[in-house]
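J.: Quick one: this structure, given as structure tokens, is what I'll be asking you about.
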């Protein structure tokens, strides 16, 4: 965020989709896709992209609620696109037996589908509100912005290809990504100063400490669930109501949507995976597919009160109340829900690419 990567990704997105109706809104959505491939975090996404785009949209005459709602729902794309740390958490909660490379590959098509759905929704809402378009900067400027953004996008390729090819593990990729990003921001872009670097390290250490504490607590909770045979009880309970994959998935999605409203995504993944994954396996649901369903369903809670962390960050940046945001967020929220249902009931969307890459 401080090293200039996000600014260059936003500039690239502006040159590509700024000419569409609701130009800056479309830029915000595509920028979230690009930056999600760098951060793998919805909170980092809305902080970086939203922190830049929301004030710009307000300054250019866009309504504050539109600017906030576009930015916070677009941040959900970061949950799916590699290197999503939530998919890594799912793998850990599932016992570590799932391929991180397959999980990353499975998230690409749903991420693109989510981006497209939000851009279409943004176009419709912008048309109804009378928002304009951005001026096309010219093909020379587009080429220069692509070249400028390539080092940042190269981080995505480095992590995905490296893990996919078995060159390094997910843990090793994190260290490599840090070194790569440091070189890009300090040597190539020359925007990150050492003082800012140390501040970033301290902030990252604090955030990581919280996450590790949650993981440690959830590990104890998972052991307790196994000891009390809660997954077996959950399987028996759902089997008494549902007799098909469709009904089981529908019931799990509804429960995850409810749980996501008052639980943050990381603890939800770590707590619910040991309970629901055995149920999914009992009904023949692919664990890779189920990971996308769980992360996306729980992710919708990030933009839903009362514990919507992404929602609160976005409204704080946009300087509006949660109530103001919630009154007009629904077109974007239902677009994301539609993508969730499509991904849930059409597993080939998430399983096709991993199978193709394995072949």
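Note that Cβ sites are derived from N, Cα and C of the backbone, with glycine treated the same way.
Whatever TrEMBL says is automated annotation, not expert-curated.
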J.: Any idea which of 234-261, 290-317 is down as transmembrane segment in TrEMBL?
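T.: Within the set 234-261, 290-317, TrEMBL attaches transmembrane segment to 290-317.
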J.: Given 191-209, 210-228, which one carries TrEMBL's transmembrane segment label?
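T.: The range carrying the transmembrane segment annotation in TrEMBL is 210-228.
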J.: Other than its close neighbours in sequence, what residues sit by the transmembrane segment (290-317), given a CB gap under 8 Å and a spacing of at least six beyond its ends?
T.: 42-43, 46-47, 50-51, 54-55, 68-69, 71-73, 75-76, 79-80, 84, 86-87, 90-91, 94, 98, 103, 106-107, 110, 249, 252-253, 256-257, 259-265, 268-269, 272-273, 276-277, 280, 324-326, 329, 333, 336-337, 339-340, 343-344, 350
J.: Would you say the transmembrane segment (66-83) and the transmembrane segment (138-161) are touching, if the rule is that at least three C-beta pairs must lie under 8 angstroms and be 6 or more residues apart?
T.: yes
J.: Below 8 angstroms Cβ to Cβ, which residues of this chain, lying six or more residues outside the transmembrane segment (66-83), approach it?
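T.: The answer is 24-25, 28-29, 31-33, 35-37, 39-46, 49-50, 53-54, 57-58, 104-105, 107-108, 110-111, 114-115, 118, 122, 125-126, 129, 131, 156, 159-160, 170, 173, 177, 265, 292, 295-296, 299-300, 302-303, 310-311, 313-315, 317-318, 320, 325, 328-329, 332-333, 335-336.
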